[in-house]
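Colleague: Attaching a single structure in structure tokens format; questions to follow.
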Amino acid sequence: MPVDQSFNAPLSEVDPEIAAVLEQELGRQRGTLEMIASENFVPRAVLQSQGSVLTNKYAEGYPGRRYYGGCEFVDVAEQLAIDRAKSLFGAEFANVQPHSGATANAAVLAAIAQPGDTILGLELAHGGHLTHGMKLNFSGKLYDAAAYGVDPDTFLIDMDVVREKALEHRPQVIIAGWSAYPRHLDFAAFRSIADEVGAKLWVDMAHFAGLVAAGVHPSPVPYADVVSSTVHKTLAGPRSGVILSRDTALAKKLNSAVFPGQQGGPLMHVIAAKATAFKIAATEEFADRQRRTIQGAQILAERLVAADSTEAGVSVLTGGTDVHLVLADLRNSPIDGKQAEDALHEVGITVNRNSVPFDPRPPMVTSGVRIGTSALATRGFGETEFTEVADIIAETLKPGSDLAALRARVLTLTDGFPLYEGLTQ
């Protein structure tokens, strides 16, 4: 009996509703400026790897040790991803199976801590992550979570305070990492504190992994017992996670924590896409993109601390940035984070409202916006374009701005930098 007609039919025929969604989303991405700090545009080669026949293959286990037959080719794909990740970051161990950053983080904690152990991470409201000890998250339910914060005057992490917290709580795990913090972390100081209290040091570099890969950000790998990351964000790979370590003695625990501890079958099509992304991340072209990413963020920060922005009540947390994002502080502005997000959306710039440390407003409103430059650097933006984007953002955040005129300026930029040429869905 032949395969039924729908098997080989195109998406537009089988499911026109979803086909329309894909077309509309492609149009949105092409016609707007994507500046959510956790988003990026993946290369077409990554899309091709992920949208492949590898989606059909079940492969519980690890290369050479599977619980299913027919894994000879997916073994090659996973081993390529492992070897490329290790080479890219200078690690001795890599697990490329985590479905997401959160899954990777859950596996890390399962490998290096026991339920009820104390963990110490950056406070969520000060730029930390849900998986670093938020009470409603698994990390806050399974573990005794303590937190360090930022200085109320500088908004920087004070390592003396981190040490005091570590001595007070005696955690089994110290977490260095963030979701909204615009400066480098002092990995050597974190290592010293962890050694002093007998803790494991886990670095979550989900946001800055691409910068590390390009050599434009300090690497945590030589200092941490374990490093986790997403593969999207600055790495511009598929939405997924990875775990790294220089300690081969932890390899068995980390592998077991991922499978069977957190997951069953790995997503082999996603793992193949990770391999492709890691290969691209080792190129000079990728490194140039990361340099432009940081340059763009610093141009934006400088524009938002200019006199006219300051007069409009806008400031920049920590006064600048070392990474791919800027945190605009609107506590003295007549508009809040939600209103700023909406205004920027209207002109065609996508950001997310974000709480700032000691924020007087609720989390669904906030007093800040988090603005990232990775996707625009991927699109090809350089100094000239980032200067224009920064001015558009600064003008949008002023009360009474001509949003229609600003939208026209955005369209000039998007028209000049086509995205996914030739792609229809």
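Cβ coordinates are placed from backbone N, Cα and C, and glycine is handled just like the others.
The annotation (6S)-5,6,7,8-tetrahydrofolate binding site is assigned in Swiss-Prot to LEU124, GLY128, HIS129, LEU130. The site 'Plays an important role in substrate specificity' feature in Swiss-Prot is assigned to HIS232; the stated evidence is sequence analysis. What Swiss-Prot lists as N6-(pyridoxal phosphate)lysine is LYS233, and the listing cites sequence analysis.
Buried or exposed, and what's around them? Tell me for each listed feature.
Modeller: The Cβ of GLY128 ((6S)-5,6,7,8-tetrahydrofolate binding site) lies under 8 Å from the Cβ of GLY121, LEU122, MET134, ALA147, GLY177, TRP178, SER179, each of these being in the same chain and 6 or more residues away along the sequence.
Residue density at HIS232 (site 'Plays an important role in substrate specificity'): 24 other Cβ atoms are found within 10 A of its Cβ, drawing on all protein chains shown.
Around LYS233 (N6-(pyridoxal phosphate)lysine), the same-chain residues six or more apart in sequence whose CB sits under 8 Å from its CB are ALA37, SER38, GLU39, ASN40, ALA206, HIS207, ALA209, GLY210, SER374, listed in sequence order. Classification of LYS233 (N6-(pyridoxal phosphate)lysine) by DSSP places it within a helix.
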Colleague: State the Cα to Cα distance, in Å, between LEU124 ((6S)-5,6,7,8-tetrahydrofolate binding site) and HIS232 (site 'Plays an important role in substrate specificity'), rounded to an integer.
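Modeller: Pair distance, Cα basis, whole Å: 21 Å.
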Colleague: Between the binding-site residues LEU124, LEU130, where is the Cβ count within 10 Å the lowest?
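Modeller: Counting other Cβ atoms within 10 Å of each of the binding-site residues LEU124, LEU130 gives the minimum at LEU130.
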Colleague: Cα-Cα, whole number of Å: HIS129 ((6S)-5,6,7,8-tetrahydrofolate binding site) versus HIS232 (site 'Plays an important role in substrate specificity')?
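Modeller: Given the Cα positions, HIS129 ((6S)-5,6,7,8-tetrahydrofolate binding site) is 16 Å from HIS232 (site 'Plays an important role in substrate specificity').
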Colleague: Just how many other Cβ atoms lie inside 10 Å of the Cβ on HIS129 ((6S)-5,6,7,8-tetrahydrofolate binding site)?
Modeller: 23
Colleague: When you average the Cβ positions of LEU124, GLY128, HIS129, LEU130 for the (6S)-5,6,7,8-tetrahydrofolate site, which other residues in that chain have a Cβ within 8 Å of that mean position?
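Modeller: Counting only non-site residues, the set is GLY121, LEU122, GLU123, GLY127, THR131, HIS132, GLY133, MET134, ASN137, SER179.
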